[in-house]
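In what follows, a single structure is set out as C-alpha cells and then discussed.
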C-alpha cells in the first residue's frame, strides 16, 4: 500500500533548519566589536526541532548571574554618585562653619584690641580713619595681585554708592565713639536695637509695613535694652547716644541700598562693593580728621603722651585688619546663606562678643543687667525668625 505522500493526498513538510545556532549581528565599536549573537527572549532558547522552547536550568542560571552583575554595577555607580554628592555637601558645611568661626573670631579680636587702644588714645576719628586706611591698603593689594578681580565701575555707579559710603563712615565712627565711652558689652547691647530702626526706617522711606508679630517682637528688644541701660555701671549719655546713632546710620545704609538699587555689573560682587565703600570712606573721613582732631597717631604725639609706641601701633594694626576681615567674611557668608540665617548668625555673634568682652575686661554685670541683655538678644532672635514669615496674599 502506497503512503499518502506518494499519491499526493498531503503536502510535503517544509525543510527544517539544519542547526540550532542563534543568528548573529554586528556589534558596535569597542572591545566587543564584531559579531555577537541575538539571544532569544528571557527564559527561552532556540531548538532545531520546535523553534523557541524553555531554556535549560543551566542557561537560566547563567543569565540570572549576568543580570545580578549588571544590577550590582548600577547600584555601585549610584552609590558612588550619592557618596560624591554627600561628600560635596559635607565640604560645603565645613567651609560655612569655618567662615562663621572666622567671623566671630575676627569680631572678638577687633572689639578687644580696639577698646584697648581707645582707652589710652581717646581719638575715635583718628582711629576710625586708620582702620579705613588699612582696609583701603588691603583692598588695593587684593586688586593689584589679582586675588580679587578688579571691578569695572562707572562714574554713575560711584555717585550711587556715595550715599552708602557716607552712612557707612558715620556708622563705624559712631560705634568707635561709643566703644571709647562705655563698656564693649553695653555698646553691643544697645546695638541689638538695630531691628527696631530697620522696621521704623523701612516703614517711613520704603512703605514696608511690618506684620503685627514683627512689631510685637520689638517689645522685648526695646524693653531689654532699657533694662540693661538702667543698671549699666559704665553708662553715660555720650556712649549711649553714639551707639544709637550707629544703629540709625547702619540701618539707613540698608534702606538706601534698597532705595537706590545700585546697578552692579558682573565684576562688582558684594566683596568688591564693600572694598569700594571702604576706599571711599577713607577719603571722606581723612579731611574731617585733619579739621577736627588733627593727626594724633604720629610717633611724636604718642611719645609725648608717654604711650608705648610699639604696643599702640601693633594693637591698632590688629584691630584694623580684624575690622576689615570680619566685614568681608560677613559678606562671604551672606553670599552662601539666606538673609534670615545671616541675621541669626549675627545675633549669636553679638552674644559671643558680649560674653567674651565681659570675661576679658572683667566688666561688672548685675543680675538685672544680664537679664535685660538676655531679653533684648532673645527679642532679636525672635525678630529674625518672624521676618521670614511672609504675609498671606489677600484673595481678590
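In case you wondered, yes, glycine gets a Cβ from its N, Cα and C as well.
Fair warning: this is a prediction, and the values are worked out from it, not measured in the lab.
Among the residue ranges 51-72, 271-292, 293-314, the one that TrEMBL annotates as transmembrane segment is 271-292.
Here TrEMBL gives transmembrane segment for one range in the set 156-175, 176-195: that range is 156-175. Here TrEMBL gives transmembrane segment for one range in the set 94-113, 334-353: that range is 94-113. When the ranges 234-250, 251-267 are checked against TrEMBL, the one recorded as transmembrane segment is 234-250.
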